[in-house]
Amino acid sequence: MFSAASRQALQSFRATNFPCLRIHQHCIYLSRSLSTLVILEQQEGKLNNASLSAVTAAQKLGGSVTGFVAGSNIKSIAEEIAKVDGLEKVISVENVAYDRGLPENFAPLLAQNIKDGGYTHVFAPSSAFGKNVMPRVAALLDVQQISDITEVQSEDTFVRTIYAGNAVLTVQSSDPIKILTVRGTSFAAAPIGNGSAAIEDGVDPKAEALTQWVSEDLTKSDRPDLATAGRVVSGGRGLKSKEEFDRVMVPLADALGAAIGASRAAVDSGFADNSLQVGQTGKNVAPELYLCAGISGAIQHLAGMKDSKVIAAINKDPEAPIFQVADVGLVGDLFDKVPELTEKLKK
Amino acid sequence: MSAKLRILVPVKRVIDYAIKPRVNKAGTSVETAGVKHSMNPFDELSVEEAVRIRERKKASVDDILAFSAGPAKSADVLRTAMAMGADRSMLLEHDPEKEGGELEPLAVAKVLKAIVEKENRNLVILGKQSIDDDSSQTGQMLAGLLGWSQATQASKVEFDGESVNVVREVDGGVETVKANLPMVITTDLRLNEPRYASLPNIMKAKKKEMKKITLQELGVDATKRLKTVKVAEPAPRKGGGKVEDVDGLIGKLKELGAI
């Protein structure tokens, strides 16, 4: 093993002389010193679950894994992260300026810490935060990011989907630093265990936030989080109105202890909030059970749910494409079938 | 608003959203020959928003420049953008077949930065993602390269004196951010309902300027960073058939261990 100082030297050597990564005889020597930074997302003192999937993805590489978190009162979250098994170190930056994840100051913060730490890989969740901030980081570091990966094949080869999940792309990066965002449903969340990673203060370049955060309006709900729920019930255009959506779908969700999702058509028609949209341009879900009603199964919708373990569909159109992927399909009027199902599930 | 808006709307030609793409036999890419293409749906929203900003008159718009990088046929999507209301356009011809794949988001961001500087733009409106590559990177990268404010996944854009208020779609709801120009905005589906170009406007668009431009002129190095190892069909999922009634549904779900 290398001493900390020589490892540091090696890392900075690699950062400035990245072409050596391509020289084969050096690969084994270098692969021992893969060093990964995982960006963990926090909102108001709560750790985002999708971040823990990014930790799992990072651990697939081997090599050392360091966590990174920033915001106000960050110590307690840093301590929570330090318990995640397999993390060697947690870097925390205490500054209220990072609470809202504004990319104009968050990206320079990350770029600086990535450069200073000599990391070879950076993993972040493919959440709204990760999507917003990481490409900006990649641009600052002159790196071509790889978005929403579903598999880690080797230190430079990763798998992701393209064309709304209709094709699976395996891609190899020649960048000196690999910047990756991770599809949460493709990797289990790393458990918060009994680890005791060292917590260190990161560098704070204090870049100016050009954008001002004004307000937020989040959908309050006691339901499980859509992206990570074990069961999801989802409604589409067939629900006809917001009132009907709430009347029919909410009791079913309650009976199953499920999160509620919706198709784009239902969201666009105002039946459900945008944050509940499942699909290519909404959320990717992969629950144990995905039960949908009044959803035809357009390719953009299938992109967001076809990795679910069991898919059940209720639709009055026997030709609806959803039946081609559903493990169990019921042809019928959802306004009869869903309440009947809800009643029978309650028993 | 005192500053006049000089808007850039980058648009991309992609396989039409309603088409189910097929992976080619060699497993190197998705089959594009003979497949219907159209403007990336998110980019239609960008064009529409630029035109609406002019129509709402809350801000004064100097001009709207549409840009596309791609094969020669990308001229079609630029014509569409001009028929919707863009004043002029620029095309960077780049044939993915001949040039080893399409430009990567980082390269496109560098191209756009060069155009922003060359054409003195102060607002860039992009789609939040293209529906072929699904990377969702270009707008953020461009903002980073320019050092500008960014507001991604916008569902509402409002001009208020010197600043721009943007409602963004985030996990769990929406948030509002405020920034001054210059800035980069990326569009979410809920931003607006793009108009259809009328026949007279399509005819007029034929007379609007479309300037050709090259990577060399812009001085952009578009060396690829990523190599496609393979493109494959996703694991097929086969339907498990239908049941007669609700009891059958419950029975099957129990059998599958889902409830």
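Numbers run from 1 along the shown chain.
Each Cβ is built from the backbone N, Cα and C atoms, and glycine gets one as well.
What TrEMBL annotates here:
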- A:ARG237, A:263-264, A:277-281, A:294-301, A:ASN315: FAD binding site (BINDING)
- A:36-222: domain 'Electron transfer flavoprotein alpha/beta-subunit N-terminal' (DOMAIN)
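Overlay of TrEMBL annotations on the structure.
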residue  : record           : Cβ neighbours (10 Å)
A:ARG237 : FAD binding site : 16
A:GLN277 : FAD binding site : 27
A:GLN280 : FAD binding site : 23
A:ILE295 : FAD binding site : 31
A:ALA298 : FAD binding site : 20
A:HIS301 : FAD binding site : 28
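In the three-state DSSP classification, A:GLN277 (FAD binding site) falls within a strand. When the C-beta distance to chain B is held to under 8 angstroms, the binding-site residues A:ARG237, A:GLN280, A:ILE295, A:HIS301 reduce to A:GLN280, listed in sequence order. Averaged over the domain 'Electron transfer flavoprotein alpha/beta-subunit N-terminal' (A:36-222), the predicted model reaches a pLDDT of 96.
According to DSSP, A:ARG237 (FAD binding site) sits within a helical segment. The secondary structure of A:ALA298 (FAD binding site), as reduced to three states from DSSP, is coil rather than helix or strand.
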